[in-house]
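Taking it in order: structure first as structure tokens, then the write-up.
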Amino acid sequence: MSTTFGNVFRRVNVKTLSFIVGAGALAGSATGTVMEYQDMRNYNNRNYNKQKLAALAAAHVAAKEKYDVAKYQKVYNDIALKIRDEDEYDDFIGYGPVLVRLAWHCAGTWDAKDNTGGPYGGTYRFAMETNDPSNNGLQNAAKFLEPIHEKYPWLSHGDLYSLAGVTAIQEMQGPTIPWRSGRVDQPEDTTPENGRLPDASKDAKYVRCFFHRLNFEDRQVVALLGAHALGKTHLKNSGFEGPWGAATNIFTNEFYNNLLNEKWDLITNDAGNKQYVNDKGWMMLPTDMALVQDPKYLPIVKEFANDQDTFFKEFTKAFVVLLENGIDFPQENKPIKFKTLDAQDL
């Protein structure tokens, strides 16, 4: 990875960044009962639909594709260059963080019980998912990607959203994320009901229960939450306000160090929601603080705080799983490792 972030976000103001998993903090895994499974739903989302889920379904089969690194590197480069060129977005935040949030929210609707929702079908493009209150603010990310899809109309929306997230992470000095193509756009009636994205106001029990639906274990959960090193929450989008730290446009293990080393006070924000703040103007969500309040999560937080390389390794594995949940990839669809713009001297 390049160590020169300035080439990508040349005029970023690191004090006014915004972002990623925002309203829906990532949560954790557990071997829960059916009642626990139901309780992980985001009942604070007023559009939550209590319709019953179908029986367990087989994995979606990805479209078979010839291994072609150059083909997708061109798409990666166009996304990365657009991020670089349009860096004025949101007070010079740039689009990187919100693209990661889009990839996560598209994948985060997956349900292991019946293989509905998730990263395969690109259903964010339909009104019901676009207008899910948990997706407030992601419309800007989707609009940003429209010219990319117009240039590459053969690219499915599921591939576009996931590839954009990978691109953003790598261009923000994060780890190299192996990515596979072959997701297939599905019809509107396959759009998951609102309410599948997480409620950031909850505790560790909720976190585990939520990520049980996504088949994640504790270590993967803590790794995924490390993406909160990026950007900030917005009151108008998520009901929470503030950045998680200082270096909000660089992918690091800062999130864990801030959890452990800062003094956090619980307040009620202007939206009436509880959040933690410190004297530097940073914040933590209740689901973030759950990681240091839980005796099983805490040792993992300490490990990642002390070893960024280990965090990158674990995050990479977990993020790949997130983007591939419920998908059966043919052998021909081999993982692609993209070069950053800096690595290509672009």
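From the backbone N, Cα and C atoms, a Cβ is placed for every residue, glycine too.
Positions annotated as active site, proton acceptor by Swiss-Prot, on the basis of sequence analysis: His105. Annotated active site, tryptophan radical intermediate per Swiss-Prot: Trp244, in sequence order, evidence recorded as similarity to another entry. Residues annotated as heme b binding site in Swiss-Prot: His228. Per Swiss-Prot, the feature region 'Disordered' maps to 177-199. The site 'Transition state stabilizer' annotation in Swiss-Prot covers Arg101, and the record cites sequence analysis as its basis. The feature transit peptide is assigned by Swiss-Prot to 1-12.
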DSSP residue counts for the region 'Disordered' (177-199), split into helix, strand and coil: 3 helix, 1 strand, 19 coil
The residue listed as 'heme b binding site' and Arg101 (site 'Transition state stabilizer'), distance between Cα atoms, whole Å: 10
Where His105 (active site, proton acceptor) sits in the secondary structure, as DSSP reduces it to three classes: helix
Length of the line joining the Cα atoms of His105 (active site, proton acceptor) and His228 (heme b binding site), in Å: 14
Spatial separation of Trp244 (active site, tryptophan radical intermediate) from the residue listed as 'heme b binding site' - C-alpha basis, Å: 6
Cβ neighbours of His228 (heme b binding site) where a neighbour is any other Cβ within 10 Å: 29
The residue listed as 'active site, tryptophan radical intermediate': secondary structure state under DSSP, collapsed to three categories: coil
Cβ contacts of the residue listed as 'active site, tryptophan radical intermediate' (under 8 Å, same chain, 6 or more positions away): His228, Ala229, Leu230, Gly231, Lys232, Glu254, Phe255, Asn258, Trp282, Met283, Met284, Asp288
C-beta crowding around the residue listed as 'active site, proton acceptor', within 10 angstroms: 27
